[in-house]
Amino acid sequence: MKKILFIDRDGTLVEEPFDFQVDSLDKIKLTSGVIPALLQLQKAGFTFIMVSNQNGIGTVAFPEEDFAVCHEFILDLFSSQGILFDEIFICPHTPENNCICRKPKTGLLEPYLKETVFAKQYSWVIGDRDTDKEFADNLGVNFLPISKTHTWEMVASAIINDARKASVQRKTKETTIDLSVQLDSDQTSVIDTPIPFFTHMLEQVAKHGGFDLRLQASGDLEVDEHHLIEDTAIALGEAIRTALGDKWGINRYGYTLPMDESLATIAIDISGRSFCDFKGQFTREFIGGMATEMIPHFFQSLSSALGATIHIEVTGTNHHHMIEACFKVLGRALRQACSRTNNYLPSTKGVL
């Protein structure tokens, strides 16, 4: 689904002149950092829509031709750098006209909005005024300001990182799972489960996956650890799947890893299709209080919730090392598969 940035012009894309009217070429100056930021956001799959209030176009104070020359020059500047706007909406009225198209009202965009399906949760208004914030509220999308202290670099980083995080609360009669992930964060994860070995394994996934994982898990261990491990895997898969959004630009595939005498190999495809094949033999019933039969089940539950195909095989003699290798290689595979290094969706179907 389309992700849209509704971007103001004066004060956001170009510097606001002293008289608040861009009516001559010598008044045009791009805002600092706007080009690299928009290129980064464009690569991340965002569509750009320009929405601007231009007071009194066509009046003696602001002739149509003066506006047109400057506006075309601005568009040419951006297009010369590979930045294009899918649509441009300009309100020519003054506040006194009390029109339906002047921001923060949305009348100017109504025909476009009726014909366009887009992901509001991943779309933003970017502007320098309070009216831009109100405009975002009226559209039902997010907002980020541009100012001397909140730069385009900060805006691009915030949008890209925000688009790749998710939280899942899973509460059943057997377990309570509170989990969140942020895929583009190198913060130290905070993981708390009542099974220390399982906690340690999840720390390996987050560390080697290069993402921030926050987890608080509790369950009916007096019955069995099955429910806790299964529900944690389901919550983790759901959270990563949500955080990936439309999967635009991801690598999709990944990875292999040795550990001491153990060797774990994995092939993962975040395709939207669930399948898991786990090959490995454990002769011990428990490792660190965790049943070894739950290792394959963790990967199967994760595969189902994530919507991924996972093939994993592990060999070795030290069961701790074998299991740890499985979780580390999962992290490495997720890091590779979730990384965004493309500017397209890696599927000929057009959807993952």
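Heads up, the Cβ atoms here are built off N, Cα and C, so glycines get one too.
Of the residues D128, D130, D137, D162, Swiss-Prot puts just one in the Mg(2+) site with D8, D10: D128.
Here the region 'Histidinol-phosphatase' (1-163) returns a mean pLDDT of 94 for the predicted model. Taking the mean position of the Cβ atoms of D8, D10, D128 as the Mg(2+) site, the remaining residues of that chain whose Cβ falls within 8 Å of it are R9, G11, T12, L13, E16, S52, G127, R129, D132, I146.
Note on proximity: of the binding-site residues H93, C99, D128, the one nearest D8 (active site, nucleophile) is D128, by Cα distance. With D10 (active site, proton donor) as the anchor, the candidate binding-site residues are H93, C99, D128, and the one with the nearest CA is D128.
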